[in-house]
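Below is one structure; the comments refer to it alone.
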Amino acid sequence: MTIVPILVLALGTFAFRFGGTLLRDRITLSPRVRDLLATGAIVLLVALVATSTLTKGHAFAGWSLPAGVAVGGLLAWRKAPFVVVVVAAAATTALLRLAGVA
Amino acid sequence: MRSIWRTLDPGLWRGVLAIAAAAAVNGASFGAIAVAAGNPLWVPVAMSVLVFAGGSQYMAVGVVASGGSPIAAVIGGLVLNARHLPFGLAIGDVVGKSLPARLVGSHLLVDESVAFAMAQKDPERAKAAYWACGGSLFVAWNLGVFGGALAGSLVSDPNALGLDAVFPAVMLALVLPALKEAGKLRPALLGAAIALATTPFLPPGVPVLLALLGLVAVPRRTGTPETTDATGVTA
């Protein structure tokens, strides 16, 4: 890979980031639209959770990954500290893989 | 202005650092993979500093390594990163007003920093969480990538350590409280269903963008009388 595709990807990505924050400042949003944008961000984040938990590429990710995320999610729901959520999710998935679960 | 250090409680800092540690190992894996695919050391390093979006970096290196064109790699990466635009629209306030703050702050916009900011109730805390998370991840990710590119195949498979479970688990923990708010759960579930149903057929990144269609499930009005629209106040 050469420097040109890296720069194009970097500039394009920065344009998305910067453009979003700039637009937020330039346009006056009604509370209704502001609420919709916040909901939109939550929708995107939940979709990221769903796809990165259940899929790898175009296919099902296997059981060990969703199992680890479920353990982490359950702990978060029971108000466990963040570190515990992170370590428990990774450890569950790692141990299941060690045991031969896909 | 209160310092970020004092605005955030120790529990939140520990959370940020735990994610940063996972990002460093993930970065080391990216650095090693990129070098193993035949790229010189500077390629993963420059990419991580300039692009700073892990998913698109893996994709770009992977597309080129498997014989794809650099143009396809760039387009794939940009589609994957298009979600940063609506993210910026949603959390633009926490980045800051001055041009330097906005330039640097925009670059630190990643899924995790957005989720951390949105999980805070008070704007001051949201701002502190955003910068703490984005900054820590930037340092950890880039150090990890540099180390991994130097060490080669030190971390050959981060998945054996279960590190791929860290990202979704962290995001889930951060969005859980927001899902209890009125009118958030149904659009989120519909969006996730749309993303999952389309993942087998569409290029990476597109299903997550399509999830925004879940916004049709937002209730028209959050159970308030008609006068609220005239005053511009919604409950």
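The chain as shown is numbered from 1 upward.
Backbone N, Cα and C define each Cβ position, glycine as well.
Taken from TrEMBL, the feature transmembrane segment covers A:6-24 (among others).
Outside the transmembrane segment (A:36-54) by six or more residues, the chain places 29, 60-61, 65-66, 69 with a CB less than 8 A from a CB of the stretch. As annotated by TrEMBL, transmembrane segment applies to A:36-54 (among others).
The transmembrane segment annotation in TrEMBL covers A:60-77 (among others). Outside the transmembrane segment (A:60-77) by six or more residues, the chain places 49, 53-54, 84-86, 88-94, 96-97, 101-102 with a CB less than 8 A from a CB of the stretch.
Marked as transmembrane segment by TrEMBL: A:82-100 (among others). With a threshold of 8 Å between CB atoms, the same-chain residues lying at least 6 positions outside the transmembrane segment (A:82-100) that come near it are 63-65, 67-69, 71-72, 75-76.
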